[in-house]
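Asks: The structure under discussion is supplied below as structure tokens; questions concerning it will follow.
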Amino acid sequence: MHFHFSKMHGLGNDFMVVDCLTQNIFFSPDLIRRLADRHRGIGFDQLLVVEAPYDPETDFHYRIFNADGSEVEQCGNGARCFARFVRMKGLTNKTSISVSTKKGKMILKVEDDDQITVNMGEPVFEPNKIPFKATQAEKTYLLRVDDKTLFSGAVSMGNPHCVTVVDDVDAYDVDKYGQLVESHERFPERVNAGFMQIISPNEVKLRVYERGAGETQACGSGACGAVAVGIMQELLGEEVKVSLPGGDLHIVWQGPGKPLFMTGPATHVYDGQLSI
């Protein structure tokens, strides 16, 4: 099997992006794991696949696979790279691109300054839709993990997120507690674990342990989920700069009933071809 791909990243959250409109490729979980290997393969956090639209009202279908081979519902940084890829490869010349995902639809907008704004839809807090085991929706839940009780928020941005406010995110043991939260029994489909330090009502620092990938340089949907939880807990304003290890994202959310918007960069690194 021979195919072309692009390597891209959004603030260091890196992707292998493949056009499956003009190429016929089947990505098995084993193949994805081999390609994701940073020593023996291409190396990436997620594989992004461009497919023909499933819905006539959309331009493309957007599929996301983690480095462990599992398919997931959403990836915000990947969505920005997806938008840049389809324009760069001449698959569309639109500046407003509609895509379907495993769990919904998104609008991707290419801005004049070359940043990409993603309409992430409305954050979902109903426990059964996240999914999260709870009798009713709360702003804060108590999670017992190992030797700690975490005071956390839970939200879906098309994929599940658990957000915990901490005093010093740089010193926090994200690897230890990220793994424990990711596989916590109250999240039946596992969860992305975000740890957020509030600098001001309009600025936070965030580290995210991604489900199936570990800690990444940036997580777009994680930044969106963190801000949504912070706003619901009355800790943040409507516009927030989120500083991640890989760089900054700008998040805007006017509250329940409104869509959330994420703006940030998408970088093309190189193009390649593989024979498998």
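Note that Cβ sites are derived from N, Cα and C of the backbone, with glycine treated the same way.
Sharing the record's features from Swiss-Prot:
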BINDING   N13, Q46, N66, G76, N77, N159, N192, E210, R211, G220, S221  substrate binding site
ACT_SITE  C75  active site, proton donor
ACT_SITE  C219  active site, proton acceptor
SITE      Y270  site 'Important for dimerization'
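Let's see these features in context: how buried, what's close, how far.
Replies: Its Cβ placed at the centre, N77 (substrate binding site) has 35 other Cβ atoms within 10 Å.
Counting only same-chain residues at least 6 apart in sequence, those with a Cβ under 8 Å from the Cβ of C75 (active site, proton donor) are Q46, L48, I64, N159, G220, S221.
In the three-state DSSP scheme, C219 (active site, proton acceptor) is classed as coil. There are 36 other CB atoms within 10 A of the CB of C219 (active site, proton acceptor), with all protein chains counted.
DSSP assigns Y270 (site 'Important for dimerization') to a strand segment in the three-state reduction.
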Asks: Looking at substrate and its recorded binding residues N13, Q46, N66, G76, N77, N159, N192, E210, R211, G220, S221, figure out the farthest C-alpha pair and report it in angstrom, whole number.
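Replies: With N13, Q46, N66, G76, N77, N159, N192, E210, R211, G220, S221 as the binding residues for substrate, the largest Cα distance is 17 Å.
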Asks: Which three-state DSSP class does N192 (substrate binding site) fall into?
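Replies: Looking at the DSSP assignment, N192 (substrate binding site) belongs to a strand.
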Asks: Sort out the sequence-distant neighbours of N192 (substrate binding site) for me: same chain, 6+ apart, CB within less than 8 Å of its CB, listed by position.
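Replies: Those within reach of N192 (substrate binding site), by Cβ under 8 Å and sequence separation of 6 or more, are N159, P160, H161, C162, E182, V208, Y209, E210, R211, C219, S221, G222, G225.
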Asks: Distance between N66 (substrate binding site) and Y270 (site 'Important for dimerization') at the Cα atoms, whole Å?
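Replies: Here the two Cα atoms lie 20 Å apart.
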Asks: Roughly how many Å separate the Cα of N13 (substrate binding site) from that of Y270 (site 'Important for dimerization'), to the nearest whole number?
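Replies: N13 (substrate binding site) to Y270 (site 'Important for dimerization'), Cα-Cα distance: 15 Å.
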Asks: Between N77 (substrate binding site) and Y270 (site 'Important for dimerization'), how many Å separate their Cα atoms?
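Replies: Here the two Cα atoms are 17 Å apart.
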